[in-house]
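Scroll down for the structure; my scribbles are underneath it.
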Amino acid sequence: MFPMVTEFMNYGQQTIRAARYIGQGFMITLSHANRLPVTIQYPYEKLITSERFRGRIHFEFDKCIACEVCVRVCPMDLPVVDWKLETDIRKKRLLNYSIDFGICIFCGNCVEYCPTNCLSMTEEYELSTYDRHELNYNQIALGRLPMSIIDDYTIRTILNLPEIKT
C-alpha cells in the first residue's frame, strides 16, 4: 500500500511541475500579446531598404570609359564589355555593356572599383522572371532607373519596424 501512496504523491508532484511549465510558456505568450506585429503584408507593404542596400546595378553609358576594371574585380567575371579602339583619337569606344543577374552575386566590387562611378547599386530587388534569359540586362536595361518605393502610391512603406525586446 505504501508504494501506491508514494506513486500517487510523485504523480501529484509531476502534475504540479507540468502545470508550472505550461504556465511559464503561457506567460511568455501573453508577454508578446502587447507588442506590435513584426510581419508585413509583402506585396502591399514594403520595408524601405537601407542606404547601403546592394540591389540591381544601374549603369550610365556616357560615363563608361571601357577600362574593364569591373570585369577584373568581379569574382564571377560577369560584366560583358564590348568596345572598339578609335585609332584617330586613340581611345576606346564602348559598344555594348551587359550583366547577367542570374549569375551576379551582388558583391558590389564593380561599383566600388569603377574609376568613373558609372555603376551604382539601386534599391531594386524584385528581379524574378519566368525565363532566366530575361535576367541578362544590356546597357539600356541597366540604364533604367527603378521606381522608388517611396514614390509608389500603391504601396504602403514601413519606415521603422518595432524593436524586439529581449
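Each Cβ is built from the backbone N, Cα and C atoms, and glycine gets one as well.
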Recorded [4Fe-4S] cluster 2 site member, picked from CYS74, CYS118, that accompanies CYS104, CYS107, CYS110 in Swiss-Prot: CYS74
Cα proximity to CYS74 ([4Fe-4S] cluster 2 binding site), best match among binding-site residues CYS64, CYS67, CYS114: CYS114
Winner by Cβ contact number (other Cβ atoms within 10 Å) across the binding-site residues CYS64, CYS67, CYS70, CYS104, CYS107: CYS70
Three-class DSSP secondary structure - CYS110 ([4Fe-4S] cluster 2 binding site): helix
Rounded inter-Cα distance in Å - CYS64 ([4Fe-4S] cluster 1 binding site), CYS104 ([4Fe-4S] cluster 2 binding site): 20
Between CYS67 ([4Fe-4S] cluster 1 binding site) and CYS107 ([4Fe-4S] cluster 2 binding site): CA-CA distance (Å): 20
Residues flanking the [4Fe-4S] cluster 2 site, with Cβ no more than 8 Å from the Cβ centroid of CYS74, CYS104, CYS107, CYS110 and excluding those residues themselves: ILE57, CYS70, VAL73, PRO75, MET76, LEU78, PRO79, ILE99, ILE105, PHE106, GLY108, ASN109
